[in-house]
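Read the structure below first, then the notes.
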Amino acid sequence: RFAVSVGYWKDPYIQYFVRQAKERKAPEINRGKFVCGAGYYARVHGVSYLIKAFLEKTECNCQIVNLGAGMDTLFWRLKDENLLPRKYFEVDFPMIVARKIHNIKSKPPLSKPIMESHSGDSLLIDSHSLDSSRYSIVGADLRFSSDLEEKLKKHSLDIHLPTLLVAECVLVYMTPQQSANLLKWAASTFPVAMVINYEQVNMGDRFGQIMIENLQRRQCNLAGVELCSSLHSQRERLLANGWENARAIDMMKVYSFLPRDDVQRIEGLEFLDEKELFEQLMQHYCICWASKDSSSL
């Protein structure tokens with residue numbers, strides 16, 4: 001929300017889900033703002049690039065399943081760009097889903113695009129799920145894939161459609177066995193599929209250990225951090241669970257791929273005096289993607 005308000009990228013919908021903080025920040029937090037803003041900028045653009053490549057390959061004749069979607073606004077942004085897949089699903093804990101649905105119901109700029117894209121029978125909405133012809137939000141626990149599949153199928157999941165699964169900082173909160181089960185379920189369920197995973201990497205070094213300790217102090221346990229030891233371990237997890245091809249690159253590499261004129265623009269938004277910290281942080285996050293493709297798409 002902060003990064004959008006400063007101008008790192010445009011997202012007219014995030015304001016309806018997250019309030020802008022009003023309190024003044026401590027100087028050391030201000031110094032870290034560029035690090036966070038540019039980090040999020042690389043994440044948003046990197047993930048978006050892969051999503052749009054998938055939509056282009058399938059000519060939008062596909063479905064997207066956003067795992068642990070939280071307050072993500074991708075559905076509305078894709079609609080604005082006329083890039084909606086045939087159906088867009090979001091999954092998160094019922095408590096998170098209830099909050100999101102409450103926001104959608106109470107804010108016309110969120111509900112109107114859903115109504116505009118809807119066709120057919122009446123739109124279904126209750127406290128823990130929303131189902132329209134193009135967009136569904138499902139309350140489920142990703143650690144139990146049989147329950148997840150049942151709920152998605154109730155909302156018209158089509159296993160024969162090319163399917164993109166997106167997980168941003170989600171798998172790391174599951175045990176290695178739980179994330180393996182989820183990835184295996186996806187690879188065995190969809191004949192043509194791609195998965196995008198954004199999360200930590202290189203967590204075995206000193207900087208990674210400090211990150212883990214900081215999170216533990218806030219009672220935040222990274223149950224799957226052992227699989228975030230390297231780009232190799234990230235790739236191997238995907239290949240070991242039924243995916244045919246897998247790649248992984250750290251976020252510093254992603255940042256170097258982004259359009260230079262836009263990178264120069266965002267680097268001018270805030271003063272960066274912590275270049276080393278920025279590079280270290282970016283080397284400790286990665287984007288991995290894998291595919292399984294029975295029709296040589």
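Note: Cβ is positioned from N, Cα and C throughout, glycine not excepted.
Annotations in TrEMBL come from automatic prediction, not curation.
If you check TrEMBL, you get these features:
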- R43, G68, D141, L142, E168: S-adenosyl-L-methionine binding site (BINDING)
Neighbour count (Cβ, 10 Å) for L142 (S-adenosyl-L-methionine binding site): 22
Just to be sure I understand the packing, how many Cβ atoms besides its own are within 10 Å of the Cβ of E168 (S-adenosyl-L-methionine binding site)? 19
In sequence order, which residues at least six apart in the same chain have a CB under 8 Å from the CB of R43 (S-adenosyl-L-methionine binding site)? E168, Y198, M251, V254, Y285, I287
What span in Å does the S-adenosyl-L-methionine site cover, taken as the longest CA to CA distance among R43, G68, D141, L142, E168? 24
